[in-house]
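Copied over from TrEMBL:
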DOMAIN    A:89-301  domain 'ABC transmembrane type-1'
TRANSMEM  A:27-51  transmembrane segment
TRANSMEM  A:93-114  transmembrane segment
TRANSMEM  A:126-146  transmembrane segment
TRANSMEM  A:174-199  transmembrane segment
TRANSMEM  A:226-245  transmembrane segment
TRANSMEM  A:283-302  transmembrane segment
Amino acid sequence: MNTESAMPFEYNQVHFEELKKQQRKKVFLKGLLFLLPSLLLFSIFIFYPMIRTVYLSFFLTNQAGITTVFVGMQNYIDIFTSPIFMKSLTSTFLFVLFTVPGTIIVSLFLAVIANEKIKGIGFFRMIFSSTMGVSVAAASVFWLFLFHPSIGFFNKILVTFGFDKIGWLTNPEWALASVSLSTIWMNIGFTFLIILGGLQSIDSHLYESANIDGAGFFYKLRRITIPMLSPTLFFVVTVSIINSFQTFGQIDMLTKGGPSNETNLIVYSIYREAFVNYQYGTASAQAVILFIIILIMTVIQFKLGERKVHYQ
Amino acid sequence: MIKKFFALLMASLLVILAGCGSNQTSSTEKGSTSEKDDKQVVTFWHSMSGVPQETLNSIVEEYNNSQDKVQVNAEFQGTYEESLPKFHSVGGTKDAPTMIQVQEIGSMSMINSGNIEAIQKFIDAENYDMSGLEENIVNYYKVDDKFYSMPFNSSTPVMYYNKDAFKKAGLDPEKAPETFEEVEEAGKKIVKSNDQMKGFALQAYGWLFEELLANQGGLLLNNDNGRTDTPTAVEFDNEKGKSIFEWAKRMTDAGTFANYGTNSDNMLSGFLAGDVAMFLQSSASSRDVIDNAPFEVGVAFLPHPEAEERQGVAIGGASLWMSSGKEEAEQNAAWEFMKYLQTPAVQAKWHVGTGYFAINPAAYDEQVVKDAYKEMPQLQVSVQQLQATKPSFATQGALMDMIPAERKIIETALETVYNRGDVDEAFNSAVEQVNAAIEQSNAARGK
């Protein structure tokens, strides 16, 4: 009796489970269908090249990039024992350290002053964001003139005030700083625009109440502007760091990695290894290292930085 | 709102698609017209910019107008360093150009690539006479008794100097310093007479190092500069190689050296602005320098250390390579164009228009050249320097596929010395790195 009554119930249960499973499968397939275009594009343009890079990093290659000899981890061992690659890593970290805070502080300053409502502010906003419209190549040529050792603007000023000329791009002590300076200038436009957007979305009531309470400019900046801006700043910091790690154009135009490899940033080093020396294996190994570094940096940022971010 | 957006998106997609479509039709139309005209199209990748590009374009145009069988399309593909990787990635496919200009150090890499047709095949097919060409050029481009590529633009490094500055410093403007030591002395006198001007600039450029080495009879790589067998190690790790570093060091210490790093444009504009009195550069810049300088420019032979005799220079520049896997008609058309480029009249125009020398000595008898020499006798110096060169493995130039890497390493080492680094340390580390690069390059070939 007992078993008889339980049978249909169990049967029902199984049937229901089955249905549910089928339903889930359907939903999953539907979801996959929606994801398909991006998955397809990602696999072709991101995942396949990435896997291929990892694969190449275990080989030596001929000039067409076709693998010839399997060397296992040797490429990795080689680059980590090479003083040139280690220098390239140090330079890259220094470069990030110079450019990211520099860009953000300058852009934040410009955005705060451009956020005032005065007549003709649109003109200033346009000027401050204009570097976004200048390509890296054009900007580099322009900076090349400024940095020129004998007829450059900077050295002319130095000479007028009675100082010695500086080899901006040829002196190892200055080169990285010079490239950083021009990079900060190039990045200001974009960062400024994003931060200004963030500033304008802050509710003005907050400032009004603060004004009634008699808060000063800096107090408002510290207690209202920065916290309310934190999601924007977080975004800008993440993007800038990744961008800095991937800097290539200005290095190629301004210094070609010189003097004495002082500005041989990692992406330039990869380019040189692959397309000048035709060592696609070592280049791939370096690219994998760069990927890991950026991955770690981003994870750390999300773990540490996001806690401090205040989302409205 | 969303509907509107989609409508807009659709409309823009349509426009894009239509654009692509019309592009395609126009290109096929183009193809069919060229077939109608029976013109064989030859794609020619080159790396000439500035004045040489203008000259080259006018030569190509004249060729296209001179006959109705071949249409040469000259395409600028960036510097030598940029166009070579491009060729390597499309080599053997239908996107590869019919012919490409490759600089001399890319020769071995082109031969190893397997995507080229040695032009010896065309020479043999019609018994074409290559003996009319400049002997030193033939020496350089003949590998294992075989021509792989057609020489085209060749230059040698020369020393440019500011004659007005020489006069001011009490030096003889007609007699340029010949040795390293004389260059140093002249530099000191120039700085003394004008403290705003430096004496000498040596661009950190691997090619110049190789040439200064060859001028002393020094070999860059073992196995006779790679001419008898694939090199296994460097051979410049001796006094000859080091003397160049020491020379730069002495001038840096004396304060007569102008450091422009690896940037040749900065060095050139520094020279034109009167910031430096002497510098080394390819003779291909002769026209540019002479035409643009507000003072009188002297051109002289490459200096050498007093202790060593002058041996002469290896040629630099580029040659023209034929792609394999193209239709025979297309290759033959490219071959016709290559032969045209060698004719005395074309070479005369090329020589006078750029400063590259004529690979066909008969060009020097052309009236254009004679007229130009009367006006600019400096143009002759590179020709004389080449003809005074003693043929040897050193002046034949080194042959290996890792030379681009070698150049970068030497450039870094030179820059270290320019910035008051230690000569021995920089030099030894350069030797070590080049050896490692040779080793890796040999290993990568799987031999």
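Cβ coordinates are placed from backbone N, Cα and C, and glycine is handled just like the others.
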Best-contacting stretch, by C-beta pairs under 8 Å, relative to the transmembrane segment (A:226-245) and drawn from A:27-51, A:93-114, A:126-146, A:283-302: A:93-114
Range from A:27-51, A:126-146, A:174-199 with the greatest count of C-beta pairs under 8 A to the transmembrane segment (A:93-114): A:174-199
Apart from its near flanks, which chain residues at least 6 from the ends of the transmembrane segment (A:27-51) lie with a Cβ under 8 angstroms of it? 291
Take the transmembrane segment (A:126-146) and find every residue of the same chain, 6 or more past its ends, with a Cβ under 8 Å from one of its Cβ atoms. 110-111, 114, 152-154, 169, 182, 185-190, 192-193, 196, 249-250, 253-254
